[in-house]
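Presented below is the structure to which this report refers.
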Amino acid sequence: MIPTLEWTSEGVRFLDQTKLPLEETYVLATSYQQVADVITTMVVRGAPAIGVAAAMGVALGVTRSQAATIGDLSTEVRQICQVLAATRPTAVNLFWAISRMEELFYTLERKPDATIDGIRAAMIAEALKMYDQDIAACRSMGAHGASLLPKEGGVLTHCNAGALATCGYGTALGVIRSAVEQGSKIQVFADETRPFLQGARLTAWELMHDGIPTKVICDNMVASLMRRGKIQAVIVGADRIAANGDVANKIGTYGVAILAKEHGVPFYVAAPWSTIDLETAHGDDIPIEERAAVEVTHHAGKQLTPDGVGVENPAFDVTPAKYVTAIITERGVLRAPYTEALQSLETAAVNG
Ligand code: MRU
């Protein structure tokens, strides 16, 4: 399995995704501040992976804390959570994971027999549980979504929603993996995904690792390939899905969705429930991260654009729900109207 991130006795170990595919190197974060840095600099990226990374960051902060009393530790936990929450604004998994860790801490600290060591052990166990649950969710999405993909044909994906973006197996790439395991003959087309090149560098690397036929295409080739009938389905991941089914994902996804609609190609989104944000009513309310201009003006340290040119670099866009054929989650496959479909699966889960 691709070791995206791992809890170790020395700290949290990350496969450095900024170096792939040319170098397979690791970064060991030994403090929560280093985990925050690893998330901001995209050593680890992808919504589910940054959620679990943040949970491990909280556990690491609690483990390494010098606090002498539970009260002091409580003050530190607030600080740890604030630092981790300030890393990247769009993927809701980050905030979901931090809240889950914070709530656990506040439950534990109120117990009359609470000890610092007991809290530490429980926080580590919770982060590890989230890691396992993420892999299980990916496997389940794969099982639910595989039959939606063609038995034979081209499947386009944008960015990287694979093992590298999760704790293993992947969301969109998990569905592709599952379809291939069931015998489908799929030719994957991976958009290169300017400017960070998650498709060209990461999706291509991990699918080749599994022997799944993959071709990298430039982002501007999608329309032409669809018109020539080479793409039978699109499947992408998500960073946040609003209560009405609008989907925030990597910049460029919206354009792909419009092209899919125009060419009659189904457009699927695969995401765990931790990506669904029922508190945000509409996609327009999702905060979109703006990243540094240098990601657009330079590549691998080489300048591509004239000195001083203006740049926009939104890292994500929002695809309105009307372009989404289905949302694949670990709880099942949802179809429009999404407001009702999302709410009814949530109610069912809350009622057990
Ligand atoms: O900026 P990134 O690389 O973190 O963006 C990742 C994406 O947009 C993915 O498609 C999304 O997080 C889903 S990953 C299962």
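Just so it is clear, glycine is given a Cβ too, placed from its N, Cα and C backbone atoms.
Keep in mind it's a predicted model, so treat the numbers as computed, not measured.
As given in TrEMBL:
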- ASP239: active site, proton donor (ACT_SITE)
- ARG45, GLY46, ALA47, ARG88, GLN198, ASN249, LYS250: substrate binding site (BINDING)
- CYS159: site 'Transition state stabilizer' (SITE)
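Sequence features annotated in TrEMBL and their locations in the structure.
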residue : record                             : CB count, 10 Å
ARG45   : substrate binding site             : 26
GLY46   : substrate binding site             : 29
ALA47   : substrate binding site             : 27
ARG88   : substrate binding site             : 22
CYS159  : site 'Transition state stabilizer' : 29
GLN198  : substrate binding site             : 27
ASP239  : active site, proton donor          : 32
ASN249  : substrate binding site             : 29
LYS250  : substrate binding site             : 27
### Message
Quick check: in three-state DSSP terms, what is GLN198 (substrate binding site)?
### Response
helix
### Summary
CB < 6 Å to ligand 1, subset of recorded positions ALA47, ARG88, CYS159, ASN249, seq order -> ALA47, CYS159, ASN249
### Residues within 8 Å of the ARG45, GLY46, ALA47, ARG88, GLN198, ASN249, LYS250 Cβ centre (excluding the substrate site residues themselves)
ILE50, ALA91, CYS159, ASN160, ALA161, ALA165, GLY237, ASP239, ALA315, PHE316
#### Entry: Residue pair GLN198 (substrate binding site), the residue listed as 'active site, proton donor' - Cα distance, angstrom, rounded
14
#### Entry: LYS250 (substrate binding site) in three-state DSSP notation
strand
### Query
Between ARG45 (substrate binding site) and the residue listed as 'active site, proton donor', what C-alpha distance do you get in Å?
11
#### Entry: Which recorded positions sit within 10 Å of ASP239 (active site, proton donor) - Cα, from GLY46, ARG88, CYS159
GLY46
## Note on the structure
ARG88 (substrate binding site) to CYS159 (site 'Transition state stabilizer'), Cα to Cα, whole Å, comes out at 17
